[in-house]
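Visitor: Below: one structure in structure tokens.
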Amino acid sequence: MNNRRNFIKTAAVASVAVALNSFSSKPEEEIIAPRKGRKPIVLSTWRFGIEANAAAWEVLKKNGSALDAVEAGVKIPEGDPKERSVGYGGRPDRDGRVTLDSCIMDEQANIGSVACLEYIKHPISVARAVMEKTPHVMLVGDGALQFALSQGFKKENLLTEESEKEWKEWLKDSKYKPIANIENHDTIGMIALDASGNLSGACTTSGMAFKMHGRVGDSPIIGAGLYVDNEIGAATATGHGEEVIRISGCHLVVELMRQGKSPQKACEEAVARIIKLTKNRNKELKDIQVGFIALNKQGEYGSYCIQGGFNYAVNDETGNRLIDAEYFLK
Ligand code: ASP
């Protein structure tokens, strides 16, 4: 993804005074300025969330469902070969194979997921087909591909010339070290609240660039990379999937909102959990990036990440803007 570090701040961000390092016990109102709730509303990770939100908004503004909105939204970066961390044009694994991970969840807790899926440009739509047309919730690898083909999805080469060139360059030293916020991994996670007050979410990625073949991150795992509870709220994640899975990240964020935390505070506490475990495991925090975004049933939202550099897009009736997430490591 280009210009990740050139943040395009298109809107003022609500000022959020976060009690860093302490994740303190102060009452929430003292720490966080509440963000006004609205519906419909859609949120998604990273700069490509702007275009994705715009597509989702087309559905939401016509009173369409959050489910249709999130599928339509994430298909934008999935289909764009210039976006090198999602769908077509995504960076391959270390064997040169583009393997995609996606999941989707609706307001009735219907879920569908595919992992390590090759040759299909829109894994999110295959995940939706798993949800709607099979008795299962997750298909992987060749089984996912065979299912997609049986549903009429087209088999295509997803490895673009650019991604192949980069992979060949990488092969020269073959050092696999996922680095936070450089241009080698990102995911689009999208969560939406529609005009009827229903929540849904979608998450899709090509995962860590040059990963081991068969590696699956958090993104297609319901509860890790995405979770929706229509009574409470929804959350999605980006960053080092191994760390998100370790804490069942997005399920945790939603459960924290169930306990009464604001979306902002819930994201902060989930990040705090990762930080604590990282320290306990004597791992370096500076090598890890995880970002969460969350939305509650009232249309209030928040986000938090470990390191600066993560941004997310929010679209409601006031417009579509990119916001720099608050972060822990100053
Ligand atoms: N979470 C994704 C994964 O671990 C990658 C990312 O969002 O950067 O596969």
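Yeah, the Cβs are placed from backbone N, Cα and C, and that goes for glycine too.
Annotated active site, nucleophile per TrEMBL: T187, in sequence order. Look at TrEMBL and you will find R215, V216, G217, D218, T238, G239, H240, G241 tagged as substrate binding site.
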Visitor: Return only the integer: C-alpha distance in Å from R215 (substrate binding site) to the residue listed as 'active site, nucleophile'.
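Guide: R215 (substrate binding site) to the residue listed as 'active site, nucleophile', Cα-Cα distance: 15 Å.
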Visitor: Among T187, R215, V216, G217, D218, G241, please name the recorded positions whose Cβ is nearer than 6 Å to ligand 1.
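Guide: Cβ < 6 Å from ligand 1, in sequence order: T187, G217, D218, G241.
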Visitor: Taking DSSP three-state, what's G241 (substrate binding site) in: helix, strand or coil?
Guide: helix
Visitor: Give me the CA-CA distance between T187 (active site, nucleophile) and T238 (substrate binding site), in Å, as a whole number.
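Guide: Cα-Cα, rounded: 6 Å.
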Visitor: Using a 10 Å cut-off on CB atoms, tell me which of the binding-site residues R215, H240 is the least crowded.
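Guide: So among R215, H240, the binding-site residues given, the one with the fewest Cβ atoms within 10 Å is R215.
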Visitor: With substrate as the bound species and R215, V216, G217, D218, T238, G239, H240, G241 as its recorded binding residues, calculate the greatest Cα-Cα distance and give it in Å as a whole number.
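Guide: Among the residues the record ties to substrate, max Cα distance equals 16 Å.
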Visitor: Same-chain residues six or more away whose CB lies under 8 A from the CB of T238 (substrate binding site)?
Guide: T45, W46, D186, T187, G189, V290, G291, F310
